[in-house]
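Visitor: Okay, here's the structure, questions in a sec.
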Amino acid sequence: MLSKVLPVLLGILLILQSRVEGPQTESKNEASSRDVVYGPQPQPLENQLLSEETKSTETETGSRVGKLPEASRILNTILSNYDHKLRPGIGEKPTVVTVEISVNSLGPLSILDMEYTIDIIFSQTWYDERLCYNDTFESLVLNGNVVSQLWIPDTFFRNSKRTHEHEITMPNQMVRIYKDGKVLYTIRMTIDAGCSLHMLRFPMDSHSCPLSFSSFSYPENEMIYKWENFKLEINEKNSWKLFQFDFTGVSNKTEIITTPVGDFMVMTIFFNVSRRFGYVAFQNYVPSSVTTMLSWVSFWIKTESAPARTSLGITSVLTMTTLGTFSRKNFPRVSYITALDFYIAICFVFCFCALLEFAVLNFLIYNQTKAHASPKLRHPRINSRAHARTRARSRACARQHQEAFVCQIVTTEGSDGEERPSCSAQQPPSPGSPEGPRSLCSKLACCEWCKRFKKYFCMVPDCEGSTWQQGRLCIHVYRLDNYSRVVFPVTFFFFNVLYWLVCLNL
C-alpha cells in the first residue's frame, strides 16, 4: 500500500515546486526588459562616490601633464632641424663664450711632481639663434643626456695632465636653454695641472700656479673667450688641502698664442700661494743651527782629550751631511742651489772648521814639540856688555841676511804644570867662528818654506824680546781655543742676520 502512495506524493510535490519558481523567473525577465526600454535605474550611493573621484583624478592628471607635452614639443621643435656639428654664426661672426669658474677645492700641491689638483665647476655661456623659441617657458633645464645633441665649445685645459669628469650618480653636467637663444653649459671636473715652481728662495718662496684653457680647433677669428667681470667664486669654507702653503689670491691674463694652424685666444687664471715657514723651520733650520752650535762644545774640551773632540767634530760633520741629503729627499732635481741649501752648506762649513781647528791646534803643539825634542834651553845670563855686543851682532846679521831669524822650539813647564813649547833667541855666531854667515844661511835655507808665514805671524807663546817679532801679529797657540769660542759664535750670528735680511727682503 505504501509503495503505491509514495510515488503519488512525490509527484504532487514536484508539481507544486514548479508552480512556485515560475513567477519569480518571469518577474526577473520583466525587470530586465524594463531596464532596456526605459534607461538605467538609479545606482547605489557607493557607486556614485567612486565615479566622482575618478573624474577628479583625471582632471588633476590632465592639468599636471599639460606643461610636459608643451616642453617636449618645444625641445623637439628646436632640435628637429638643429645641426650640432656647426657652431652658431658660422661664416658670419665669431662665437663669444663667457666663462665663469667656481672652485670647490684646491690642492694638494706636489713639489716633487710640480703639479697641483683643483676641483672646479666650469660654466660657459653663449648665444645660439637656432635655439630661440616663443613660449611661456623662460628656460629649459636639461641634464647631460642632451649635451650630445647640442653644439658645445671644444674648450680644453692646456696645462692639464689628467682630467676627471664626475659621473656619480649621473654625469655632473647641466644645460640651460633660454628663450632668446642663450645657452648655459655647466660641468664639474677635477684637474691635475702642471705648476712650474721656482725654488731659488725656498723655503721663503711664493708661487703662481696657472690654469690655462682655450679652444682646441677654433682660432681667434671664430671663437672669443671673455670673463664676465672676472667672476671667480672661491669656497674657502671647505678644507683646502694646501698643507705647506697659504692661499693669497688670484689673478688672470688673456693672451693670443700663435700656432701653425692659427692664432688662438688663451685665458689663464693664476692661483697665488705662499709657503708656510713653520714646517721647514722645524725640519731643517733648527736642527742645522743646533748641530752647528753643538760642534763648538769641542772648544771647551781639553786638548789632551783628542778622542772626545774628534768624535764630536766628525759627528757634527756627518749630521750636517745627513740633514743636507734629507732636505733634498722630497725636492725636485733642480740645477741651482736654494736658500736652504746655502744655509745648510754654511753650517757644514762651520762644523768642518771646528774640526779643522782642533787638527791645527794638535799639529802645532804635539808635532812641532816632537820634532824639536831637545833639552830645555834658557836665556844665558850675561853681563850688559856681552848683551850689547850680542845685540849688535844680531842686528848686523839681520841686515846682512835680509831679516833672517833663528827661532828654536824648546819645551818649558808652564804655571799649570803642562809642558809648553818655548822660543829662545840664540846668539848668532861671530863672523870669525867656524859657523860663519854661510853656515847661518844654510840653516835659514832649511826654513825657507815657513819664512813667509812667520814673517807676519808668530805662533809660539814666549817670544818677548825677539828682534824678528817686531811688526808681526802674535797668536798664542794655547789661546786658539779661546779665540774660537768668540770668533765662531760671533761670525755665525752675523751670518744669520745677513742671511735673513737678504732672504726676507729679496
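Every residue, even glycine, has its Cβ placed from backbone N, Cα and C.
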Visitor: Here are some residues: ASN252, ASN367. Which is flagged as N-linked glycosylation site in Swiss-Prot?
Guide: ASN252
Visitor: From the topology recorded by Swiss-Prot, do ALA306 and TYR483 fall on the same side of the membrane?
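Guide: That holds: Swiss-Prot puts them on one side.
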Visitor: Would you please say which range out of 68-87, 88-107, 228-247, 308-327 has the annotation transmembrane segment in Swiss-Prot?
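Guide: The range carrying the transmembrane segment annotation in Swiss-Prot is 308-327.
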Visitor: Let me check the 10 A CB neighbour count of ASN252 (N-linked glycosylation site). How many other CB atoms are there?
Guide: 14
Visitor: Most Cβ neighbours within 10 Å: which of the recorded positions ASN134, CYS195, CYS209 is it?
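Guide: Highest number of other Cβ atoms within 10 Å: CYS209.
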Visitor: Check for me, if you would, whether the transmembrane segment (486-506) reaches the transmembrane segment (281-301) - at least 3 Cβ pairs under 8 Å, residues 6 or more apart in sequence.
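Guide: When sequence-distant Cβ pairs are counted, the transmembrane segment (281-301) touches the transmembrane segment (486-506), since at least 3 lie under 8 Å.
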Visitor: Looking only at the topological domain 'Cytoplasmic' (302-307), how are its residues distributed among DSSP helix, strand and coil?
Guide: 2 helix, 0 strand, 4 coil
Visitor: Going by Cα-Cα distance, pick out whichever of the recorded positions ASN134, CYS195, CYS209 is nearest to ASN252 (N-linked glycosylation site).
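Guide: Sorting the recorded positions by distance from ASN252 (N-linked glycosylation site), the top entry is CYS209.
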